[in-house]
């Protein structure tokens with residue numbers, strides 16, 4: 001049998017053992033808990049002196065400070081230049097984390113290595129010392145096991161009745177002398193020969209502190225037994241928790257304590273309550289304190305230190321990966337810790353709804369308590385819904401949290417007025433103030449998908465809250481109390497109304513105060529950039545007056561955009577110095593992220609797609625633009641006889657074409673308006689992606705007109721210079737609809753011939769929407785659907801007709817794309833673009 005196979009088999013049997021043990025513990029614990037009278041447990045909890053409860057929680061929080069002795073020994077042994085106060089802070093965070101998700105202490109060992117390797121260049125010795133600390137966590141229990149075997153901590157009622165307990169104690173007791181002998185005989189450093197002994201003493205003190213906290217919890221719930229006997233039961237339970245490899249020994253530890261104390265004639269209700277208080281005091285309270293400490297400890301200070309540390313050596317085999325992520329992870333620890341604290345706060349006060357309900361049942365003024373219940377439930381739900389926003393550093397989410405904390409505090413003061421909980425709310429409020437000051441964005445964009453998820457989550461949470469309250473009332477058997485059930489019936493709707501009012505008012509005020517700032521168009525600067533660096537097929541639309549412009553810091557490039565429905569819709573590619581496009585887009589994305597807006601690019605070319613891709617965008621092909629090569633365009637030849645026939649027809653009718661250069665007279669503009677109004681026939685003008693029929697815009701470029709034999713204007717088209725590559729485009733094309741003449745053909749042909757005569761090389765006839773989109777079965781589903789629309793909905797919109805019409809001019813087809821950010825919906829982005837185009 002190979003070594004690899006042996007290792008796999010060992011891992012497999014370990015997994016089977018751990019799984020079987022876990023299932024056994026769960027079923028046994030369930031069987032024991034099924035006999036417990038939860039009403040009696042709640043009654044016992046109500047009798048507890050609140051001062052003793054505060055002292056228990058304080059003791060649980062302070063007990064973890066003893067574990068800092070491990071880190072002090074480590075720092076002294078390695079002679080690390082690290083402030084003592086920081087050692088205590090870091091150690092507390094590590095040990096609190098290790099107690100919850102320890103997996104035998106390996107999580108704590110990993111975090112220690114991660115933190116302390118930045119203070120030393122001898123990582124080998126660091127790992128060896130951390131290994132001693134990891135193993136010594138068991139040696140403390142080994143020492144206590146020896147005392148249990150010697151009956152100093154008397155647990156004979158368990159040892160004599162359960163044979164496997166005796167054998168576990170003997171095995172663990174033998175581990176201590178072996179460990180001490182090995183670490184003294186073969187020390188990591190001869191100058192620190194007794195490192196294992198020191199760590200064993202700390203481990204023993206640690207376990208005794210934990211036993212003392214549990215014993216104090218037992219005394220509070222009126223359990224009175226010998227301390228020596230209690231410690232004996234605790235040691236056996238701790239060993240069971242370690243063997244189970246379940247983080248914190250959850251389940252296995254509690255089951256052994258429950259069975260051990262039950263065998264002494266103590267009621268199960270008291271034991272359960274003592275265990276819950278112990279878990280809260282020794283695990284939950286330290287974690288909350290650790291989260292608060294981490295919001296200060298890890299952040300800009302740690303990030304700056306890592307940037308400047310000469311001892312920064314990433315872990316072997318993950319060098320490049322860790323170097324790129326370690327600093328970013330540390331920088332996110334404060335916001336992540338605050339988000340966890342907010343989530344836990346909401347859960348705590350959701351559970352505290354039981355207190356409001358219970359007090360309200362025995363109070364004559366039911367209505368006030370139901371209002372307080374609805375307010376607190378609404379505030380807790382609002383906290384949960386904004387946890388992600390707080391993690392992302394959104395000021396609006398933090399403001400929602402501010403309001404929620406104030407509402408929870410008000411409900412708490414009016415009802416049960418717990419000093420401990422009010423103190424906690426004050427701490428959270430202070431942390432939120434600090435988070436607001438360092439927030440990176442004003443708000444995060446809301447999307448239909450996100451709103452739907454939040455709605456479903458709200459319904460689910462409110463349903464769970466209802467189940468919790470109703471289940472507790474049933475367990476306490478309080479339905480015999482006469483209450484106003486109509487108020488309970490409308491409690492759900494009261495909560496919904498309060499949430500809607502809070503969200504609506506704050507969102508409106510926030511949007512009103514931080515409305516998207518208008519970047520005034522400096523046409524002089526735009527002209528200078530276009531004249532120096534050139535434009536594109538859409539750059540002339542900067543003069544339409546319905547868009548804002550965003551310039552880069554050097555003022556040598558800009559983009560045209562318009563704000564609509566929390567989105568910044570950009571028209572075309574950036575304009576200006578191509579070397580500045582990346583910095584321009586980076587600044588624009590930072591601006592949009594701070595404001596909480598989505599970014600959508602409309603009608604971009606494929607030239608800069610790698611640049612858009614770098615910003616995490618997705619692409620959708622809108623269609624293709626028809627670009628005619630004027631160097632090869634001609635009306636001569638057999639295939640072009642249709643063009644000649646059209647031109648000859650206009651000549652026979654004495655219809656003339658001419659180009660009018662600006663400035664234009666008022667009479668000329670009145671003629672244009674007459675034709676335009678007839679062509680529109682009451683329809684609204686389109687915006688954004690086409691020019692505006694205004695005297696200011698039309699005066700920026702020449703206009704081609706067609707007149708009949710009497711000199712009356714019957715058609716016109718406005719030109720769009722591109723200011724680059726000798727290309728030109730056409731914008732507005734309008735004619736008198738009552739005339740049965742191919743006026744659009746006439747305008748295009750005359751414009752093509754005029755452009756060629758003037759030396760232009762290319763002519764843009766515009767886009768054929770959805771043309772050549774999703775034609776392959778390998779294409780994205782959304783593009784294949786768009787392709788089917790192109791093929792089968794020609795009656796609603798002339799998709800195919802537009803392409804066939806432009807095909808007769810033999811153009812080169814260039815693709816145009818819609819660019820939108822990842823995690824955003826294509827259809828929602830398209831809808832916003834259409835709203836920009838259709839509405840002024």
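Glycine is treated like the rest: Cβ placed from N, Cα and C.
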The residue range that Swiss-Prot labels transmembrane segment, out of 367-387, 514-534, 535-555, is 367-387
Please state if residue 153 and residue 437 fall on one side of the membrane according to Swiss-Prot. yes
Range annotated as transmembrane segment - as stated in Swiss-Prot, picked from 201-221, 306-326: 201-221
Can you work out whether the transmembrane segment (201-221) touches the transmembrane segment (416-436), with the criterion being 3+ CB pairs under 8 Å where the paired residues are 6 or more apart along the chain? no
If you count CB pairs under 8 A between the transmembrane segment (130-150) and each of 53-73, 338-358, 393-413, 416-436, the winner is 53-73
Secondary structure composition of the topological domain 'Cytoplasmic' (388-392) [DSSP: H/G/I, E/B, coil]: 4 helix, 0 strand, 1 coil
